[in-house]
């Protein structure tokens, strides 16, 4: 993959006026160079010109072509399986038993809707969400969105790296300390760069192996603990929610939608050679990406169900239920179920390590697209990977050196990181829905009114859920009048920015802006 990066320096978008539009197109950051993209043609007819007309039809279904499109959805679904999600699953199972499985199902459905919209945006426009935000919003808003997304990435990456470090500590029987696991995990960006040099398909295959490891590990745990099938089915179809399990319910929903994953998926779908000038080819790509994304999310849902039900069977109603977490979960399982097939402690650690490693590498991948898209940077791949990696590794190393995973302070820190990610959700979902609803951006692939309304309902629901999480953290963990007053000011600015993003493309905003312009 011969890189065509022009230099190691920045080339900001919207440069000097002497530069032509075609030159801008040439130098603008893109998710993939044309030589890096995967050909999806499986026959000579795929190369023929027959998709430009308004009456063009999508080609018939092909299993071979589905296989060519398979990959981006499975990288996307890793965010549904990161250590933060696994911890949310096990705590929900231990605290609520099988009662929140229905919520896990519907949270996955909501996540699927968001990710399908993200893929549709990327395919229809040939650009990813970060690039489109740079073109849609003024520079100050673009920089603000980039900063918010980077904060969400850092928060997610800290939890993912700590999860990997915990797994390494367990597998080494405590020989490798937490900070040592962080150092080992930090080098996964070199694995990413090594595999990327061999092509997109090799990288996707590597992630497929890690997902398979998780599936096998947690399926073995499911088989050894033997959760109740009847209770599992009842939990999926009968909604139950009590005041005692509100925190776990919010955790399940909050963990599913990861802001950086919305940006990532819109970029990943551009790894295939799709002629966006031919309507039938775009229809075909959207069709196959929808199938493979749904299949990937079914796999992730199966894994999450396994984790939740294992801990529901083993610890619901027990003394350990309130204090269970990623590190002591394996020990509790070992004490309860022993070594029927293979030490269940190590099965848990292997699954956790696969979760942590896959999610940290996809986090690095997402960081490259986010930085390049928002800031229009053309950097060498190794340099961009190192920059995005250091954003998370430095604060993670500080956490590993100064906090013990069993220290109560770590729980507060973990909750703060969840809040940090939660407050970024509007800055991914609002631009996404705004863009897929604009005919000027999407052309004939603009979403219909029903999809638009459902998407806004899901967005508002997620914002309310995460608002509850923010207020809960503010009420229980924030102390001091000065700190609270400062946070109130920050919250006011935060809400003002959200309102701006929502109303910016409405007639109300246009009239208001016109009035202000006339008065000045």
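Cβ atoms here come from the backbone N, Cα and C positions, even for glycine.
Heads up, TrEMBL stuff is auto-annotated, nobody curated it.
According to TrEMBL:
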{"type": "REGION", "residues": "1-57", "note": "region 'Disordered'"}
{"type": "COMPBIAS", "residues": "23-38", "note": "compositional bias 'Basic and acidic residues'"}
{"type": "TRANSMEM", "residues": "101-123", "note": "transmembrane segment"}
{"type": "TRANSMEM", "residues": "176-195", "note": "transmembrane segment"}
{"type": "TRANSMEM", "residues": "207-225", "note": "transmembrane segment"}
{"type": "TRANSMEM", "residues": "245-264", "note": "transmembrane segment"}
{"type": "TRANSMEM", "residues": "285-312", "note": "transmembrane segment"}
{"type": "TRANSMEM", "residues": "345-370", "note": "transmembrane segment"}
{"type": "TRANSMEM", "residues": "382-403", "note": "transmembrane segment"}
{"type": "TRANSMEM", "residues": "423-441", "note": "transmembrane segment"}
{"type": "TRANSMEM", "residues": "453-475", "note": "transmembrane segment"}
{"type": "TRANSMEM", "residues": "481-503", "note": "transmembrane segment"}
Do any residues of this chain, six or more beyond the ends of the transmembrane segment (176-195), have a C-beta under 8 angstroms from a C-beta of it, and if so which?
161-162, 164-169, 202-203, 206, 356-357, 360-361, 364-365, 381-382, 385-386, 388-389, 393, 396-397, 400-401, 404-405
Contact check, the transmembrane segment (481-503) vs the transmembrane segment (207-225), 3+ Cβ pairs under 8 Å, seq sep 6+:
no
Report the listed stretch (285-312, 345-370, 382-403, 423-441) having the maximum count of Cβ pairs within less than 8 Å of the transmembrane segment (453-475).
423-441
Suppose I define contact as three or more CB-CB distances under 8 A, residues 6 or more apart in sequence; do the transmembrane segment (207-225) and the transmembrane segment (423-441) meet it?
no
Report, as numbers and ranges, every residue of the chain located at least six residues beyond the transmembrane segment (345-370) whose Cβ falls under 8 Å of a Cβ in that stretch; write 'none' if there are none.
31, 75, 78-79, 81-83, 86, 128, 130, 146, 149-150, 153, 156-157, 160-161, 163-168, 170-171, 185, 188-189, 191-192, 207, 210-211, 213-214, 217-218, 220-221, 260-261, 263-264, 267, 326, 329-331, 333-334, 381, 384-385, 387-389, 391-392
Other than its close neighbours in sequence, what residues sit by the transmembrane segment (423-441), given a CB gap under 8 Å and a spacing of at least six beyond its ends?
114, 117-118, 120-121, 125, 129, 132-133, 136-137, 145, 148-149, 151-152, 257, 259-260, 262-263, 266, 447, 452, 455-456, 459, 462-463, 466, 470, 494, 497-498, 501-502, 504-505
